[in-house]
Amino acid sequence: MDNRPIGLLDSGFGGLSVAKKVIEKLPNESTIFIGDNAHIPYGDRTREDIINLTRRSVKFLLEKNVKLIVIACNTATAVAMPTMQKEVEQQIIGVIQSGALAAARTTKNKNVAVVATNVTVASHAYQKEIKFRDPEIKVTELAAPKLAPLVEAQKDYATNLKVVKESLAPLMGKEFDTLVLGCTHYPLIQKEFEEAINNKEVTILDPADQVAQYTFNVMRRDGLFSDSEKAVHEYYTTGNSETFDKLARTFMDDDTLTSKHVDTENY
């Protein structure tokens, strides 16, 4: 047994989509989430920037004595995770491997589309992971740099839908039956994706469920389950805590959720 918390990090709000599934899957586990909202978006930054910013959040979580870390950010998983795994003793779990596995299992016509940030698409991380599982699957990758900042800006549904439709336009007419939301921000506007795609034959895939299951499996394997009867969930942001709380309370269905501001510059 290990009663230390699970650490989760993201470039901003997006990782809440993963945190929510992890909490649902592991209700006895305490969690600490940090969103680096001050430096969003990661998807347009250099490789060096992404590694350094991810390292700061990892160090912050380690200072909080977490037992494992979930990088709840596709861009950070694609770019920084290999480096972090070399630098840190704790198990580090990313989101891309789980998303790719879910996509390979879901597609029936072996035609998958992935929408993600510029950096994630440029890394071809999803394409590599999906084809590793099934080389016959055709993977179409689409960069949508406007979408993560859109979620952070907390716009209304109509505005979101317009930008999602514009971003997905290059996919219209393609024969994919599975669309991977390759950025953890995107599930926060999944309804807009569903309306924009408007095709019941297409499965819109949020990798968070698979990430939560993999986290469960790792903890069972390594004997990391908590025997605590009451889980505690802490939220931190490098941005404005009031802005963070507004979206987080709605998405996490918790009116009492209160985050704390943290400056990771010195980590």
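Quick reminder: no glycine exception, Cβ is built from N, Cα and C everywhere.
Taken verbatim from Swiss-Prot:
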ACT_SITE  C73  active site, proton donor/acceptor
ACT_SITE  C183  active site, proton donor/acceptor
BINDING   D10, S11, Y42, G43, N74, T75, T184, H185  substrate binding site
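Across the structure, T184 (substrate binding site) and C73 (active site, proton donor/acceptor) are spaced 6 Å apart at their Cα atoms. Residues near H185 (substrate binding site) in space but far in sequence (CB under 8 A, at least 6 apart, same chain), listed by position: G12, F13, G14, S17, L147, A148, V151, E152.
Other residues of the same chain near the substrate site, with their Cβ within 8 Å of the Cβ centroid of D10, S11, Y42, G43, N74, T75, T184, H185, are G12, G14, G15, I40, P41, C73, A76, T117, T120, A148, C183. It is 7 Å from the Cα atom of C73 (active site, proton donor/acceptor) to that of C183 (active site, proton donor/acceptor). Taking the C-alpha positions, the distance from C183 (active site, proton donor/acceptor) to Y42 (substrate binding site) comes to 11 Å. The most densely surrounded of the active-site residues C73, C183, judged by C-beta neighbours within 10 angstroms, is C73.
In this structure the residues listed as binding substrate are D10, S11, Y42, G43, N74, T75, T184, H185; their two most distant Cα atoms lie 12 Å apart. Sequence-distant contacts of D10 (substrate binding site), defined by Cβ-Cβ distance under 8 angstroms and a gap of at least six in the same chain, are L16, V18, F33, I34, G35, D36, I71, A72, C73, A76, T184. Summary for the binding-site residues S11, N74: the Cβ-based neighbour count within 10 Å is maximal at N74.
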